[in-house]
């Protein structure tokens, strides 16, 4: 058994430790930006040291490219390594428009530039791109070549007006989808930012938009995302869904509340014949609810939708919609993740319509006659095969849509509660991406949650005995050095990569880093990462098609006792024993930091050959996340301390400290600068710090030094020993210097 003796002769050096009491879960592994880079599982790209507001707007896995919009630039990055072979097009706003923007009082840095906000695939060779154009939106076609090997990336056409396709203000989000070379956008259509619209443009048919200045349709919306989603087997029944939040007045018309909403329209809607001409005749919307119900009844709402991710399946009706929500309250702050079944969303849109009635304009379910075809039905679909266009809709259908676009029922998440709730944290969630992972014990959903502090949390959803799923934070990664909020996020299950953008650049991160969990089977099993398993030699990537017998993995329970038999589990019962000295009536610190913050720590004390007993914590003996702090050390504190970590019912001893208490008077005499001993009087004049002794000598050398101290104390009254001690001190100094120089040779040079 290895012993390391730490002899405390001059004071006790203690780092200040902040103990935080928080019920919020912590990541099992936290990697800083530099630590993440050292794992060789990330890449970073930026055009310059200046922030350029990067947004990942399109991912093309067929051509192995991701397309990024930023201030005055359009980027094409290699999907396999974003730092290799980047292509860029410089596309600034015209000088005249920039000057006009400044004259209008807009921000020269964050407003008066061409911030690219729309990149959509137009055809096999071209992209359609739009930018804010210094508060004068512009669009153009960009040639990207037929194949990625062509290395073509250039604007080969004239710019055209982007009005109705991109917002004037770059700080107001624009969402868009391209269907059959037609662009569907959600944005603000005017310079002042008062006319919000869902618009179809770039079409050979007539342009169509939402009813203008009609708060029943849109009320100061902030668009979040847009998706095309099938509805049944007939392609004519497909809908475009827009996710947004809007400000709605309460029944007293005195205050405005933020509600999250889903709206949908039919792509083949051409507007009405006599009413709603060039306006959507299939526009419907419903409220999206993400709330927590307290035990005493009231609901706490996470009102503000921040991001949406669709986890698609072979059957569109089983698609899951993940949403990030935050609170709008200035008192109660938090984030939540809610999950919705697409079938539940479609059920609400097929349900009753909302109707305002009475002096207080209370919302009730519409009880009158519903016209045929049902409002919101697409022409030419399964229910209206004989109506080829919305212009054939009866007038009462169009009138009904204009006055009743809102559904009565709200859309609630699975189990009517959030999957994840974070309250009282120093961050909030901003973006989400989800991967479906096959593990040895089942299929799991892994969430990648971007924060406003430039980190990404990797969270696995765990099934529980109840109807509510559990969750475990596997990792938290600093993907940006300056903690810039994450603005966009794309995931590639095919490439097993995550792509993240912020104001300062773009980062690429692997979905897994199995080797960082440890070099033992138990470490790999405790990680509970569905991407990773123990292969008999190391923690490595798990492939469901491989030989399962040789793979050890337990995501659901994370129990090494059942998975790691035969892999030296007994080694976890023992730990190297060290000897540590403390001075009576002083403070000392017994260090013990588990690998995982999710592990619970218990301290046991064994005196002589007695049984181990749990250390009683009080104001004098305090347990911290880094160890045990003992204030005003007493003789009764002496003994063998065992630091036991427990995680998922698996216990391991991670520290054994033989703590010995020294008499304070003896230590004071030994270190007295007026002492007649040459050794003691020389301590203050040493050219090195006393704590250097701890790392400078081996165990055998420290034994020799201890013996030397003992002999010196016994002979201090003999006058002829003074000269000998001076000589021995010279040898001691030379030995320390030689050991320190050897240590420096093994260290990296300071930067």
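Every residue, even glycine, has its Cβ placed from backbone N, Cα and C.
Taken straight from Swiss-Prot:
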DISULFID  101-112  disulfide bond
DISULFID  130-139  disulfide bond
DISULFID  266-378  disulfide bond
DISULFID  290-338  disulfide bond
DISULFID  514-532  disulfide bond
DISULFID  592-643  disulfide bond
DOMAIN    28-511  domain 'Sema'
DOMAIN    571-655  domain 'Ig-like C2-type'
CARBOHYD  81  N-linked glycosylation site
CARBOHYD  123  N-linked glycosylation site
CARBOHYD  252  N-linked glycosylation site
CARBOHYD  268  N-linked glycosylation site
CARBOHYD  465  N-linked glycosylation site
CARBOHYD  585  N-linked glycosylation site
CARBOHYD  586  N-linked glycosylation site
REGION    712-751  region 'Disordered'
SIGNAL    1-21  signal peptide
Rounded to the nearest Å - Cα separation of residue 130 (disulfide bond) and residue 112 (disulfide bond): 15
Segment-level pLDDT (mean, integer) for the domain 'Ig-like C2-type' (571-655): 89
Long-range Cβ environment of residue 378 (disulfide bond), under 8 Å and at least 6 residues apart: 231, 236, 237, 238, 239, 266, 268, 269, 282, 384
Among 585, 586, which are glycosylation sites, the residue with the most C-beta atoms within 10 angstroms of its C-beta: 586
Per DSSP, three-state class assigned to residue 514 (disulfide bond): helix
Residue, out of the glycosylation sites 81, 123, 268, whose Cβ gathers the largest set of other Cβ atoms within 10 Å: 268
Residue 266 (disulfide bond), number of other Cβ atoms within 10 Å: 23
Rounded distance in angstrom between the Cα atoms of residue 585 (N-linked glycosylation site) and residue 290 (disulfide bond): 55
Same chain, 6+ residues apart, C-beta under 8 Å of the C-beta of residue 338 (disulfide bond), given in sequence order: 290, 302, 322, 323, 325, 413, 418, 419
Tally of DSSP helical, extended and coil residues in the domain 'Ig-like C2-type' (571-655): 6 helix, 43 strand, 36 coil
